[in-house]
């Protein structure tokens with residue numbers, strides 16, 4: 001038996017206990033939970049077949065009451081002796097995409113980000129569209145290209161047309177960007193025709209991950225009218241390997257910024273679901289931004305209520321992301337197009353300067369939040385390295 | 001043994017042989033093929049377990065060479081004696097969603113439709129956006145709400161704001177519409193980073209279905225800037241129950257309309273994949289439109305090449321639809337917002353008039369195409385009835 005060591009300053013203490021899918025050499029991917037610098041194999045430790053699955057979907061589909069019981073079981077387990085063969089050093093496992101993604105939706109819930117992008121994409125118009133403060137604007141993305149942190153990102157090819165060009169040309173993206181976001185994973189879905197109330201967020205959503213919504217700004221700018229982003233986004237969306245369960249975020253709950261005008265009743269919430277999460281974006285190892293999630297205008301409970309208010313089902317494995325997290329300050333912007341103001345104001349990366357991503361560049365997004373026991377909890381990271389375009 | 005009767009004028013003769021998923025009382029959904037007014041149970045007739053699945057995905061994933069062999073086997077089978085217990089009258093079976101939908105993409109490939117909607121949604125601007133003739137504009141929809149023909153459609157609730165209103169209100173959609181489309185189902189997918197060539201369309205796409213992309217025009221008009229349609233579409237998308245295999249459309253192949261400017265190389269095709277398919281839209285039993293698919297500007301091979309040119313994977317079960325099929329004439333328009341010019345020119349439905357859909361209304365879309373043996377083949381139908389909004 002092993003007693004798992006949890007350093008006092010660990011971001012993966014008992015207040016966190018995130019779920020992931022891992023493998024060890026010669027064995028199939030299965031469900032584990034991270035504790036300190038260890039991964040606990042839940043199938044071995046709890047003897048439950050649902051954790052032999054290569055994704056969390058089957059466990060998530062068992063519902064909220066079951067998630068509560070298992071979290072309690074894990075807490076008891078890792079507070080005492082754990083069977084030796086259930087414990088692996090995190091450095092020795094390979095992490096996999098933790099969920100099979102059903103539908104993927106991306107929102108646009110930061111007022112600072114939406115305003116900045118409005119100024120950059122539509123310089124002669126009001127930065128915020130008239131609908132923006134009435135509803136959480138969002139769109140569907142490509143669920144088949146959601147990949148786990150650490151997956152290399154091939155620079156996409158596509159049509160690009162600069163304002164001073166007569167016609168589009170085809171070739172590698174010249175303005176490759178990131179979007180630092182938080183993503184929410186639906187654990188149990190809803191029926192066709194049944195809207196989900198904001199109060200149901202806490203029992204239907206399983207947990208949260210970091211998201212990097214890689215964005216080809218030149219492709220996007222040319223294609224996106226009138227039906228929205230498509231190939232400028234669909235080449236890859238990275239998520240962190242560890243899913244932080246919603247109860248681990250209890251101490252991070254804060255009110256959203258004041259919402260004025262008052263939202264329509266279906267978007268009102270009895271309890272706040274703003275989240276005091278600090279993100280950090282690092283570019284080739286140099287921190288360039290610290291986006292504050294607490295600045296997000298719309299809460300994730302409001303996003304879920306909105307996306308089902310027309311009767312659309314939600315399903316186990318649905319992933320919906322917040323949209324880029326940007327704060328009011330320049331060094332709080334979660335996309336490079338904002339940070340470098342459309343590429344006009346380069347940022348320093350050590351000895352170098354950057355506007356958009358170059359081949360070989362690596363971006364890592366991390367995040368922490370207050371835990372329920374006075375410690376801080378961590379999301380791990382979502383990272384990716386840019387490979388040259390295929391020819 | 002049974003010899004299946006195929007009436008001379010049947011749209012389901014040997015040149016068609018569409019696949020579907022059906023059930024009979026007390027038995028699980030499984031794969032069948034339609035011949036005349038009969039459904040042949042493929043698991044029973046061919047003794048292959050892949051057809052006991054409740055969807056076509058496993059069979060599709062076996063790839064093009066296998067589809068060719070099975071089509072040949074079925075042709076031989078139904079030309080002779082078929083085991084009695086493999087044959088069911090089509091009137092006595094229940095049809096199910098034939099595929100598990102991976103990603104759902106909706107294009108916008110009719111020049112007439114895009115121009116009409118541009119005039120209606122943006123009356124003070126050029127109807128076609130500058131990108132429209134350079135690339136097949138499209139966006140991702142919600143795969144979780146794709147339903148089979150015959151499923152009732154609950155009128156969606158949502159935010160609507162008429163131009164003369166100061167603020168949005170919440171309630172049932174007041175401008176509920178259809179979009180008559182053709183959908184293409186990816187049989188075998190592509191790897192991340194590998195663009196699909198237009199020439200690969202014929203071996204990677206399994207077949208085609210009719211699509212009704214139900215649209216809440218008032219919700220859509222208010223929400224769609226700048227990220228595209230979302231809740232105005234995501235409440236339901238209906239598809240026909242029978243998947244017409246691509247080889248059955250061989251005689252329907254025609255060149256697309258002249259594409260000017262000439263598309264970029266990745267969108268060029270060696271062989272034409274325009275399709276001479278005649279659709280018919282009936283509203284409460286009265287035919288109101290005959291959209292001609294041959295008028296579509298972009299071909300489905302071009303759509304597939306475009307949606308993967310950035311390296312995005314395609315997957316078994318991906319569904320991509322053409323967008324509304326509208327011809328140049330008023331009675332060829334595939335959406336009611338065009339047919340009634342934004343509700344200003346009602347259409348006659350027998351003794352009644354209509355602009356948008358009322359509760360209880362039923363819409364049925366059918367289609368036929370020339371078959372390879374000189375007969376015509378049919379798509380069956382995609383139909384749905386409107387139920388009142390939930391309160």
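Placed from the backbone N, Cα and C atoms, the Cβ positions cover glycine too.
Remember, predicted model here, so these are calculated numbers, not experimental data.
Here TrEMBL has A:233, A:237 binding Mg(2+), and the candidate from A:213, A:260 in that same listed site is A:213. Ca(2+) is bound by A:179, A:181, A:213 in TrEMBL, and the record lists one more residue there from A:106, A:152, A:276, A:278, which is A:106. The shortest Cα-Cα distance from residue A:224 (substrate binding site) to any of the recorded positions (A:106, A:113, A:181) is found for A:106. A distance below 8 A between C-beta atoms marks A:108 as the binding-site residues from A:108, A:181, A:213, A:324 lying next to chain B. Same-chain residues at least 6 positions away in sequence with a Cβ under 8 Å from that of residue A:324 (substrate binding site) are, in sequence order, A:108, A:110, A:113, A:179, A:180, A:181, A:213, A:291, A:334, A:335, A:338. Neighbour counts were taken at the CB atom with a 10 A radius for the binding-site residues A:122, A:233; the maximum falls on A:233. Across the domain 'Fumarylacetoacetase N-terminal' (A:15-98), DSSP assigns 35 helix, 23 strand, 26 coil. Listed binding-site residues: A:220, A:237; maximum Cβ neighbour count within 10 Å falls on A:237. Cα to Cα, residue A:106 (Ca(2+) binding site) and residue A:233 (Mg(2+) binding site) are separated by 10 Å.
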